[in-house]
Structure formats: C-alpha cells, structure tokens
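Down below is the structure, laid out as structure tokens.
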Amino acid sequence: MAMSFFDQFASPSYLGIPLIAIAIALPWVMYPTPSPRWISNRLITLQGWLINRFVNQLMLPLNVAGHKWALLLASLMVFLITINMLGLLPYTFTPTTQLSLNMGFAVPLWLATVIIGMRNQPTVALGHLLPEGTPIPLIPVLIIIETISLFIRPLALGVRLTANLTAGHLLIQLIATAVFVLLPMMPTVAILTATVLFLLTLLEVAVAMIQAYVFVLLLSLYLQENV
C-alpha cells in the first residue's frame, strides 16, 4: 500500500501507546548537566556561553520585572530548537509539526502575559486597544479590531511554527522522492535535484533554528507590552 506524504506527521505508537512523550522528553536527556566544579569542559562552557548570550539579547528591552521570565524563555528556546533539529534526522518524528502541541505552548504563555498586564497595569494594558489620537467615530471599530488581533496572537504563534516546519518537511520528502524516481532514468537531472535537496536541507536547518527564535522573541515582545 502506498504511503501518503502526510504519514510522516502522524504520531508513532508502540503497542497502542503514542511515543510523542519520548520525543518531547528526549531533548532534556541530550544536554550535559553543568558541573559544580569551577572549571568545566569545553562543551558545557560553550553551552553556557550560548545560553547567556541569548538571554542577554532577549532580556535587553525588558525591565527588571520581565527578567523573571528569563529561565522559562531560555528553556523554551533550547527545547524548540532541539526538537526542530532532531526532526530533520531520518526516521524521526517532529512533535512541533503538531498544531496541538504548539498551541499548548502558545496559549498559556500568551495568556500569562495578558494576565500580568491586566493585574499590574490595567490602564496601560487596555490602552493598547485604542491608539492615542483616534477620531471619535473610529473608536468602536478600532477597539473591535485590536481586540480581535489580541486574541489572534496565540493562534498566529502556533500556526506559524507548525506551517513552516510542515511545509519544509513536505518539500524535502517531495524532492527526495523525485531524486529516487529520476535516478535510473536521468542520472544527470537526479544529481542536480539531489544538489537542490542538499541546499534545501541546509535551509531547513536554518528555518528550524529561526522559527524557534521567532516564537520566543514574539513572546518576549508580548511580555514587553505588559510589564
């Protein structure tokens, strides 16, 4: 029976048990634990330096109240990058191609930023729904539009990550299938197609990292509006 191109996005199971939990837990097992010693090895030193640089860049536009989110956002960034990169390996499953998982990250974190804004500075938080200097006849329309855009934010976060990764995986599988079909008939065209496949794979590695960064960066911008 011919397999569908979308079968790669189905959660694998063993004895009827979904294995998505293992795919989600795997990134945390791969990273080395920091040592209590003063001098660490090169891998842990490089890992700590990269995380520190990311946290510094992410927390730069936030005030002191927003710095409490540094550990959460840095952990989410590392988690998403690792899952996206592992999903590019052959015979693997990418949990972030599931919209349910991405929405499970986007909705609670977005809602937390909104609740923080409403609790700490309700006037400023509600003021984002109406730009300053708006003509009186446009006030009801703009309030409705801004409210809709506010509630669309978590949906945009989840759909953006899902769509980019799903499209990349589908394109890689389509071109790889074309290479196998063309190889016995037109070897030259197959080699050129394989070159395109290699370049596309490099692009997908960049997309896997960039989409994880964009996800966390947008969350930090939402947080910046509410702290």
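Cβ atoms here come from the backbone N, Cα and C positions, even for glycine.
Since this is a predicted model, take the numbers as computed values, not measurements.
These come from TrEMBL:
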- 12-31: transmembrane segment (TRANSMEM)
- 69-89: transmembrane segment (TRANSMEM)
- 101-118: transmembrane segment (TRANSMEM)
- 138-159: transmembrane segment (TRANSMEM)
- 171-199: transmembrane segment (TRANSMEM)
- 205-223: transmembrane segment (TRANSMEM)
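Contact between the transmembrane segment (205-223) and the transmembrane segment (12-31) is absent: fewer than three CB pairs lie under 8 Å, with pairs separated by 6 or more positions in sequence. Remote same-chain residues near the transmembrane segment (12-31) are listed as 47, 78-79, 82-83, 86, 92-95, 98, 101 (criterion: CB distance under 8 Å, separation of at least six residues from the stretch ends).
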